[in-house]
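The next block holds one structure in the form of structure tokens; read it before the comments.
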Amino acid sequence: MDLSKGFYGITMENDSIGTCKKLIDFGAKAIQYRAKNLPSKQMLYESLEIRELTKKANVLMIVNDRLDLALVVGADGVHVGQDDIPPSYLRKIVPKGFIIGLSTHSLDQVLSSEVDFVDYIGVGAVFKTSTKDAVVIGPDLAQQMVKSSKKPAYLIGGIKLSNIDSIKGIGAYGFTSITDVLYNDYGHFLEMLNKWNS
């Protein structure tokens with residue numbers, strides 16, 4: 001399976017399984033399991049369950065940060081940050097076809113040689129977000145980063161129905177929204193998608 005254009009789902013740590021199911025019901029074609037503060041054993045059990053759910057639904061499963069978990073549960077890929085093991089090293093040990101994503105927060109990071117070893121990048125935080133303590137780059141810099149990227153770029157950070165119009169023309173491969181999607185119903189999500197695709 002290849003990465004799909006449009007929406008890229010990310011689970012919420014306080015209910016990883018429930019939010020995964022909701023994202024599948026909403027039609028997400030790629031879901032990232034992200035848990036920063038849970039014991040490794042709990043993350044393993046959640047990852048195994050999410051792998052079963054995503055496999056049954058024919059949805060890509062990406063694990064945030066933890067390559068060990070991704071490999072153990074047979075996930076489709078891993079997403080890493082700037083302070084994690086660089087993708088050039090990860091690529092040496094992952095199976096053929098394994099997806100690697102990388103978070104970027106500046107133009108220099110987008111132009112880094114490490115991007116040669118990834119399948120996609122995350123660009124953000126585009127707006128202020130409540131789910132992560134991140135520097136806000138704004139739509140203008142986000143657009144520069146997307147246009148400069150050799151790889152598909154997904155926008156992340158504070159994206160909501162109320163501001164998606166301001167970023168839909170940036171040229172990104174897709175976007176992710178956590179709270180504005182998971183705290184609302186399918187109609188709200190569908191309106192976001194329609195605005196993105198308009």
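Backbone N, Cα and C atoms are what each Cβ position is placed from, and that goes for glycine too.
Any TrEMBL annotation is an automated prediction that lacks curation.
Same-site candidate for 4-amino-2-methyl-5-(diphosphooxymethyl)pyrimidine binding, as annotated by TrEMBL with Q32, Y33, R34, A35, K36, N64, S103, chosen from K5, K132, K147: K132. Reported as a whole number, the C-alpha separation between N64 (4-amino-2-methyl-5-(diphosphooxymethyl)pyrimidine binding site) and D84 (Mg(2+) binding site) equals 10 Å. Over all protein chains present, the Cβ of N64 (4-amino-2-methyl-5-(diphosphooxymethyl)pyrimidine binding site) has 22 other Cβ atoms lying within 10 Å. Cα-Cα distance from Q32 (4-amino-2-methyl-5-(diphosphooxymethyl)pyrimidine binding site) to D84 (Mg(2+) binding site): 16 Å (rounded to the nearest whole number). Taking every protein chain shown into account, D65, D84 are the binding-site residues, and of these the Cβ with the most other Cβ atoms within 10 Å belongs to D65.
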